[in-house]
């Protein structure tokens, strides 16, 4: 800016010298007009310079923002959960998570799911997606908390004072498939046979030999009891 002002000042001095030496009206009018333009421009430049200085004095150094590392994403599979009358609480342990910026810990809720994303924690991103929650939750009232080395996801139950036996519908279905099915109207011995049959089918060779031996001994004992009568 100083060089521009200097050039304008030199132009102005030169125009003044020419004006003093000029005698012809047309030339003097042209020089007078040019002199006015230069003076106006010089005045504006000086005002800009005086206004710019306080702005620079008040200007604070720009905050250095650490670049967001795009490292690979780790899928979170280990977590714990419990519940109260109003909330289902999911606990995820991530060492150092309390030290990352708040905006780096994001949770998106829907009525039957949540999606956790932790960005740039020790050079990695961490993701946890849980779909098909056992029961509906209130999206607006659900939230997250970041504690020392822990993220707590708070899913607000849509129906308060109801108990969740499982976190997801899929978990419920898997557990129920594992349970042996009993028919209350069927013969109790038939139910036992079904259980033994399942154990036999799923067991190894040693288990099968043990069941076969027990089965033979049971049949022999039953035969002896029948002959006694």
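We count from 1, first residue shown onward.
Positions of Cβ are set from backbone N, Cα and C atoms, glycine also.
Residues of the domain 'CS' (74-168) grouped by DSSP class, helix first, strand second and coil last, total 6 helix, 56 strand, 33 coil. Annotation source Swiss-Prot lists domain 'CS' at 74-168.
Marked as N-acetylalanine by Swiss-Prot: 2.
Annotation comment: Swiss-Prot describes 3 (among others) as phosphoserine. Within the same chain, no residue at least 6 positions away from residue 3 (phosphoserine) has a Cβ under 8 Å from its Cβ.
Residues annotated as N6-acetyllysine in Swiss-Prot, with similarity to another entry given as evidence: 10 (among others). In this chain, none of the residues that are 6 or more apart from residue 10 (N6-acetyllysine) has a CB less than 8 Å from its CB.
Residues or ranges marked as N6-acetyllysine by Swiss-Prot: 21 (among others). Cβ neighbours within 10 Å of residue 21 (N6-acetyllysine), excluding its own Cβ and spanning all shown chains: 9. The secondary structure of residue 21 (N6-acetyllysine), as reduced to three states from DSSP, is helical.
DSSP assigns residue 36 (phosphoserine) to a helix in the three-state reduction. The phosphoserine annotation in Swiss-Prot covers 36 (among others), and the record cites similarity to another entry as its basis.
Taken from Swiss-Prot, the feature N6-acetyllysine applies to 86 (among others). Counting only residues at least six positions away in the same chain, the Cβ atoms of 156, 157, 160 sit under 8 Å from the Cβ of residue 86 (N6-acetyllysine).
Cβ neighbours within 10 Å of residue 119 (N6-acetyllysine), excluding its own Cβ and spanning all shown chains: 19. Annotation source Swiss-Prot lists N6-acetyllysine at 119 (among others).
Per Swiss-Prot, the feature region 'Interaction with SIAH1' maps to 2-81; the stated evidence is similarity to another entry.
The region 'Disordered' annotation in Swiss-Prot covers 38-60.
In this model, the region 'Interaction with SKP1' (74-229) carries an average pLDDT of 85. The annotation region 'Interaction with SKP1' is assigned in Swiss-Prot to 74-229.
If you look up Swiss-Prot, you'll see 155-229 marked as region 'Interaction with S100A6'.
Around the Cβ of residue 36 (phosphoserine), 11 further Cβ atoms fall within 10 Å across all displayed protein chains.
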